[in-house]
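Q: Pulled from Swiss-Prot, these are the listed features:
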type	residues	note
ACT_SITE	GLU104	active site, proton acceptor
ACT_SITE	CYS348	active site, S-methylcysteine intermediate
BINDING	CYS124, CYS128, CYS131	[4Fe-4S] cluster binding site
BINDING	GLY174, GLU175, SER206, SER229, LEU230, HIS231, ASN305	S-adenosyl-L-methionine binding site
DISULFID	CYS117-CYS348	disulfide bond
DOMAIN	110-343	domain 'Radical SAM core'
Amino acid sequence: MESKQKVRKELRTERPSIYSFEIEELKSWLSENGEKPFRAAQIFEWLYEKRVTSFEKMTNLSKELRTKLNEHFVLTTLKTAVKQTSQDGTMKFLFELHDGYTIETVLMRHEYGNSVCVTTQVGCRIGCTFCASTLGGLKRNLEAGEIVAQVVKVQQALDETDERVSSIVIMGIGEPFDNFQEMLAFLKIVNHDKGLNIGARHITVSTSGIIPKIYEFADEKLQINFAISLHAPNTEIRSRLMPINRAYKLPDLMKAVDYYIKKTGRRVTFEYGLFGGVNDQVEHAEELAELLKGIKCHVNLIPVNYVPERDYVRTPKEQIFAFEKTLKSHGVNVTIRREQGHDIDAACGQLRAKERQEETR
């Protein structure tokens with residue numbers, strides 16, 4: 001099995017983003033280049049607390065070290081191509097990468113703080129039939145630094161109003177567990193007290209259900225919140241909505257969930273999108289309650305976002321409430337996700353898909 005370091009280095013460009021480096025990696029690089037390892041903490045402070053935009057601004061570093069940093073690294077490879085702001089304060093960013101690909105990042109405002117939804121891949125290979133992110137397939141994985149830079153860019157926007165990012169959800173474009181090592185590096189960087197210092201319990205990662213990686217993630221014993229994109233109460237419906245279910249079947253997925261809960265002691269959130277006439281009836285709620293019986297979990301009901309390229313219709317409000325009521329009657333912990341950014345292209349992949357359409361006209 002290839003080492004984590006080798007896998008990560010293979011992803012890096014000729015002059016990588018310094019945001020890709022965990023603090024211990026940066027210490028090693030400094031030692032190898034004749035510098036004191038303690039400088040890593042100073043560099044992290046400039047990157048994540050002061051959020052400077054050039055190495056020259058790192059004024060407590062020697063000119064020689066600043067030159068070395070400039071020769072070996074770039075600060076960020078993201079350029080803001082589009083920025084949309086919703087009436088409810090939701091902000092959606094379309095970032096252009098160094099190779100011309102684009103990715104999405106969303107800032108969501110809540111009563112409890114500001115949450116950033118980050119992307120982990122350019123496109124997605126999973127092929128969920130309700131998701132705009134899969135249109136065009138998977139182009140490439142993001143480096144950890146490209147994921148970190150999304151949060152930094154959003155934080156820089158919030159700096160203008162003296163606000164801060166308080167939580168992160170890894171639920172943007174792509175399957176995080178398909179880019180596992182870079183995702184782990186991202187988690188360690190944003191969670192580090194010298195990094196963005198986002199508490200582990202304020203970070204959520206979601207997967208469509210890549211079972212081997214769920215076991216691996218459980219063994220990491222992180223205090224990160226964990227979510228599963230479930231979207232169905234049985235194998236037949238899940239296979240229709242999510243082709244990944246044909247490779248990683250629902251019964252095996254539930255075994256992996258059980259392992260995760262026992263290994264970490266933490267509950268799992270199940271994301272359940274409601275699609276009119278497909279999975280939103282009371283009998284589906286009854287079946288879902290039976291599937292989740294005895295499992296330490298929370299269900300997040302998601303009214304589907306309309307995607308023009310897909311053919312699903314929205315579940316009526318009264319049906320959503322009936323579904324919720326049925327789950328509650330069986331003792332299932334459940335909430336309905338509050339919609340945000342409804343007046344902009346806020347659904348995952350919509351803004352990128354729109355831009356791609358305009359580019360090909």
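These residue numbers are counts, starting from 1, taken along the chain as shown.
Placed from the backbone N, Cα and C atoms, the Cβ positions cover glycine too.
Give me the structural setting of these features: burial, nearby parts and distances.
A: Within 10 Å of the C-beta atom of GLU104 (active site, proton acceptor) sit 27 other C-beta atoms, taking all shown protein chains into account. A strand conformation is recorded for GLU104 (active site, proton acceptor) in the three-state DSSP classification.
Cβ neighbours within 10 Å of CYS131 ([4Fe-4S] cluster binding site), excluding its own Cβ and spanning all shown chains: 25.
DSSP classifies GLU175 (S-adenosyl-L-methionine binding site) as coil under the three-state reduction.
The secondary structure of CYS117 (disulfide bond), as reduced to three states from DSSP, is extended strand.
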Q: Hey, does DSSP put SER229 (S-adenosyl-L-methionine binding site) in a helix, a strand, or just coil?
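A: The residue in question, SER229 (S-adenosyl-L-methionine binding site), is strand (DSSP, three-state).
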Q: Considering the binding-site residues SER206, SER229, which residue's Cβ sits among the greatest number of other Cβ atoms within 10 Å?
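A: It comes out as SER229.
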Q: Provide, as an integer number of angstrom, the distance between the C-alpha atoms of CYS124 ([4Fe-4S] cluster binding site) and LEU230 (S-adenosyl-L-methionine binding site).
A: 17
Q: Out of GLU104, CYS117, CYS131, the recorded positions in the record, which is closest to SER229 (S-adenosyl-L-methionine binding site) when you go by Cα distance?
A: CYS131
Q: From the Cα of CYS131 ([4Fe-4S] cluster binding site) across to the Cα of SER206 (S-adenosyl-L-methionine binding site), what is the distance in angstrom?
A: 15
Q: Sorry to bug you, but what's the C-alpha spacing from HIS231 (S-adenosyl-L-methionine binding site) to CYS128 ([4Fe-4S] cluster binding site), rounded to the closest Å?
A: 10
